[in-house]
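Asks: Got a structure here, written out as structure tokens. Questions coming.
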Amino acid sequence: MTTIRQRRAGKGTEAAEDQPSEEKNVKPDGKILSDDAGGKLWNILSVTVGGIVAISLGLLTSVYVATLHENDLWFSNIKEVEREISFRTECGLYYSYYKQMIQAASIQQGLHGLVYDNKTESVRTINILERMNVYQEVFLSILYRILPIQQYLEPVYFYIYTLFGLQAVYVIALYVTSWLLSGTWLSGLLAACWYITNRIDTTRVEFTIPLRENWALPFFAVQIAAITYLLRTHLQPVQERLTLVVVFIATFLFSLTWQFNQFMMLIQALALFILDCFDMLPTVKVTWLYIIQISGLLLVCVLQFFNSMILGSLLLSFNTSVLIARTIQKNLKKGGLVNRLGKLILHVLLVLCLTLLINKFIKKILNLESDEHIFKFLKAKFGFGATRDFDANLYLCEEAFGLLPLNTFSRLSDTLLFYVYLFVLFFMTVAAIIVAFWNLSGSNQVQLMEKMEECTITLKPDAAYNLIHTVLFGCLALSTMRMKYLWTSHMCVFASFGLCSTEIWKITLRCIHLYTSRRVHVIKYSIPIITLLYISYKFWPGIMDELSELREFYDPDTVELMNWIKSNTPNTAVFAGSMQLLAGVKLCTGRTLTNHPHYEDKNLRERTKQIYQIYAKRSPEDVYRILRSFGTDYVILEDSICYERRHSRGCRLRDLLDIANGHIMDGLGENEPDLKPSLYPRFCEEIKKTLPSYTVHFTRVFQNKTFHVYKLAKHK
């Protein structure tokens, strides 16, 4: 029979926090003998070896991804323009600000250029530090300027090596989290090995280096490790304070480096809220974590010149609501099961209503609409009505924002990671449900339980947090493929912890009536070692082959386009085109853009939709008028967009524009009944016929197999 052993005094929560007590030798007169010197020496040796292994694996991971990047592009041998083109889409935009700071006459001038930027969006001056999370580029550029390394290291290498170096921090943080949960560094070793062997699904740093998540996720991993340590029992006050400082610093850096930080931390806050409601975490520590999230985000808000999107975030509204609701409902954790459940339902409703009211009030006061596209996307994605909104459909049609592909699980299963993860998740979830039930039942059941045959199920606060964390981020990853990197890396931690967990194996062996403490000890070390040997045997040859495979960057059409722009257009020229391409234009040529890929601004989204009419069925006069309203001198048309085949009908960019404009889509297939035929042919196709109605406004000045550049006439 399986029961829960609760602590004799206090709340049921603390029962879950019980840790196996250490037996000590006691003299007949009652004095406790000092710990064996050999045991202390062994602990010191184990910690030293574990630390060395963690640092070594972190450094090896950095070298590994750096080598893959070099081998894939031959980065050290290609020209500067090719290196810059390799930073695709928004990566190129972010790196351009690092380059801008490096090339500025002084640090002060560089900062002034970012605060009063008029080249990222034509006919408009914007504050880059307020709009985008580029403080990391600013910091790195200043560091590069003041360190005596200019003659030894090119700016681009200083940048990419920093990102690859952060991978070492990432792996070490995952290693430490697993070690803290299981009590053995063998678990950390297994987590790191799984992270490396599942690289395709755990990171994409080697081919999207400047992406914001590659800056942020290492700090997020450090924060999770610090929270895991903070939630351990019997910490000294000094240890708690130092850990809270680490949590705050990691939270702040995570928030500063990624614009989606508020959504990730909202999920984290939900995890804390759920565990606190079921009395699985110490309330005081949970309160501190809420406050740290709020203070970290507000500090970032100040640094980003009071960015309204941060002030209107659901995270700030939710955390504030939880703290207010707690003050109103002071006796939330007292009473029997029915009483507690009633209070809990009331508490959840109160928090939900307060969150929506506070958030709506803030957005009304600030007239905030920067994040409305995200909620439109979520509404359409989860089936709350179809939409013709261009921005929402743009996200819905991107594979990265679709459901997690099933082949992800087959890849994760090849390394045994997914199988082990499900095994651990099952046992931990059952334990959590049982513990949550008894916590809500209160102390009335203690006498009944003591009469029962005991088979102790414990769920320590640190393990409980990591369980809810992996479940919630797993749901996020399943719904949105781009977010899988938040889940798969933690999956490595959670699975390795379970495989090396005394509690998991104790429960498993008790269930099959084979439990002895010696068997548990043997299994918790032998199974992980066997798993490591299997992974090494199966994947080491593949890693070696991967490291020996040499490729080279090759994109002659884009290189030709960038060289032509630099040589044949004035520095003040304004270019229109696709968001992805224009980010490269800014980085490689320094020309002014009409639009760009950083999409978290309503005015920019409306501007982008207008610029994209070059791929819609519009008259040349309309397109010319739109482009000139943004000061456009040149427009770049891409055949890959005009004749797109990557997406199916209904998801091609030209289809999204047709639907938004109320026009029938091209090709065979159904159309919604209220869509009408356009009076004009598709602009990007018709302009190539050099008809008089087009040549009066547009003159082709460059073309190759991929791109067509037209100069706009300047009519009086």
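Each position is counted from 1, following the chain as shown.
Glycine is treated like the rest: Cβ placed from N, Cα and C.
Since this is a predicted model, take the numbers as computed values, not measurements.
As annotated in TrEMBL:
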- 1-30: region 'Disordered' (REGION)
- 1-10: compositional bias 'Basic residues' (COMPBIAS)
- 21-30: compositional bias 'Basic and acidic residues' (COMPBIAS)
- 41-66: transmembrane segment (TRANSMEM)
- 156-173: transmembrane segment (TRANSMEM)
- 179-196: transmembrane segment (TRANSMEM)
- 216-235: transmembrane segment (TRANSMEM)
- 241-258: transmembrane segment (TRANSMEM)
- 297-324: transmembrane segment (TRANSMEM)
- 344-362: transmembrane segment (TRANSMEM)
- 416-442: transmembrane segment (TRANSMEM)
- 487-509: transmembrane segment (TRANSMEM)
- 521-540: transmembrane segment (TRANSMEM)
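I'm curious about the neighbourhood of these features; can you describe it?
Replies: Long-range contacts of the transmembrane segment (156-173) within the same chain: residues 54-55, 57-59, 61-63, 65-66, 69, 75, 80, 83, 95, 98, 140, 143-144, 149, 192, 195-196, 203, 205, 209-210, 214-215, 217-219, 221-222, 224-225, 489, each at least 6 residues beyond the stretch ends and with a Cβ under 8 Å from a Cβ of the stretch.
Within its own chain, the transmembrane segment (179-196) has Cβ neighbours under 8 Å at 46-47, 49-51, 53-54, 57-58, 61, 64, 171, 202-203, 225, 228-229, 232, 415, 417, 462-463, 466, 489, 491-493, 495-497, 499-502, 524-525, 528-529, 531-532, 535-536, 543, counting only residues six or more beyond its boundaries.
Same-chain residues lying 6+ beyond the ends of the transmembrane segment (241-258) with a Cβ under 8 Å from its Cβ atoms: 133, 135-136, 212-213, 215-216, 219-220, 222-223, 226-227, 229-230, 235, 264-265, 288-289, 292-293, 295-297, 299-300, 303.
The list of residues near the transmembrane segment (344-362) in space but at least 6 beyond its ends in sequence, with Cβ under 8 angstroms from a Cβ of it, reads 273, 277, 311-312, 314, 316-318, 320-322, 324-325, 328-329, 332, 368, 440.
Within the chain, the transmembrane segment (521-540) has long-range Cβ neighbours (under 8 A, six or more residues past its boundaries) at 184, 186-187, 189-190, 193-194, 197, 414-416, 420, 496, 499-502, 505, 509.
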Asks: Rank 41-66, 297-324, 487-509 by Cβ pairs under 8 Å to the transmembrane segment (216-235) and hand me the top one.
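Replies: Comparing 41-66, 297-324, 487-509: 487-509 has the most Cβ pairs near the transmembrane segment (216-235).
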